[in-house]
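Here TrEMBL flags N13, Q47, N65, G75, N76, N149, N182, E200, R201, G210, T211 as substrate binding site. Feature annotation from TrEMBL assigns active site, proton donor to C74. Per TrEMBL, active site is recorded for C74. Annotated active site, proton acceptor per TrEMBL: C209, in sequence order.
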Amino acid sequence: MRIPFTKMHGLGNDFVVLDARIDALPPLGPATAAAISDRRTGIGCDQLIVLQPSDVADFQMRIFNADGGEVEACGNASRAVALLHGSKASVETGGGIIAVEPMGDGARIDMGTPRFEWDAIPLAYAMDTLTMPVAWENLENPCAVNVGNPHVIFFVEDGTAIPLERLGPEIECDALFPERINVNVAQVTGPASIDLRVWERGSGLTRACGTGACATAVAAIRRGLVSGRQVTVTLPGGPLDIEWTEAGRILMTGPATTSFIGSFEWTDYA
Ligand SMILES: N[C@@H](CCC[C@H](N)C(=O)O)C(=O)O
């Protein structure tokens, strides 16, 4: 059975998008998702995105990391999906209903409201999530924010000096994070600007992480590290504009791109 796909990216964070809103896919398990995402033997991507019908929104977006695990949210893929859909839509995700709207060369996404309670991140035990009393080598006192998916954010003097490829997987899988975590290393570069590198749960180092940018902007605003409620977050793949509105909602604006369209022979690895 041949399945059509669209290869897309947001700031270099890349996706294989399967549109099953009309023609259903065979059941999709983690091993099959990981095989499609594998850059050596599959199509290759940071996240596999599956669009399906929804009972509560215009459609549903399912998100699988490169390791095959299904997760709740993906900021960059939300912009890609807005571009693919072509008009304003409500989208059901595991992290809640988001609103997507194509805009310019990308989209604006209403990502919903962030959560800060320790058990909503979730953490293994209670602590202050604004300044956490924990450290991994020189990375210390992070913030934790759930923006649909879980993030820990370390504010540092020089983000490029942090060995994220070594510390990222260690922090991601620490017992403090029962659902694992996305690891953000942020450097405030001005009153409304931050440089960010992200070790993504289940996908590793990526060129950009939209939810990481949202979580980092919110954490910086809560800590008083930036002035105002609008922040430009620059990732290795480029900048995203993040606003945390007075009403508490996170608005993310940035580009998205279609790379190519293709098809592949479906193999069920379960
Ligand atoms: N690349 C994404 C985030 C994808 C999910 C994440 N790795 C997780 O496990 O929560 C983004 O742009 O937000």
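Using N, Cα and C of the backbone, Cβ positions are placed for all residues, glycine too.
The structure displayed is predicted, hence computed values, not measured ones.
Sequence features annotated in TrEMBL and their locations in the structure.
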{"residue": "N13", "record": "substrate binding site", "contacts (Cβ under 8 Å, 6+ apart)": "D46, Q47, N76, A77, T206, R207, A208, C209, G210, G237"}
{"residue": "N65", "record": "substrate binding site", "contacts (Cβ under 8 Å, 6+ apart)": "S37, D46, Q47, V71, E200, R201, G202, S203"}
{"residue": "C74", "record": "active site, proton donor", "contacts (Cβ under 8 Å, 6+ apart)": "F15, Q47, I49, M61, I63, T93, N149, G210, T211"}
{"residue": "N182", "record": "substrate binding site", "contacts (Cβ under 8 Å, 6+ apart)": "N149, P150, H151, V152, E172, V198, W199, E200, R201, C209, T211, G212, A215"}
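Those residues of the chain, other than N13, Q47, N65, G75, N76, N149, N182, E200, R201, G210, T211, with a C-beta within 8 angstroms of the mean position of the substrate site C-beta atoms are D46, I63, V71, A73, C74, A77, V198, S203, T206, C209, G212. There are 25 other Cβ atoms within 10 Å of the Cβ belonging to R201 (substrate binding site).
In the three-state DSSP assignment, the secondary structure recorded for N65 (substrate binding site) is strand. The local packing around C209 (active site, proton acceptor), expressed as other Cβ atoms within 10 Å of its Cβ over all shown chains, amounts to 34. Considering only the binding-site residues N76, T211, the Cβ with the fewest other Cβ atoms within 10 Å is that of T211. Comment: substrate site residues N13, Q47, N65, G75, N76, N149, N182, E200, R201, G210, T211; largest CA to CA distance 16 Å, whole number.
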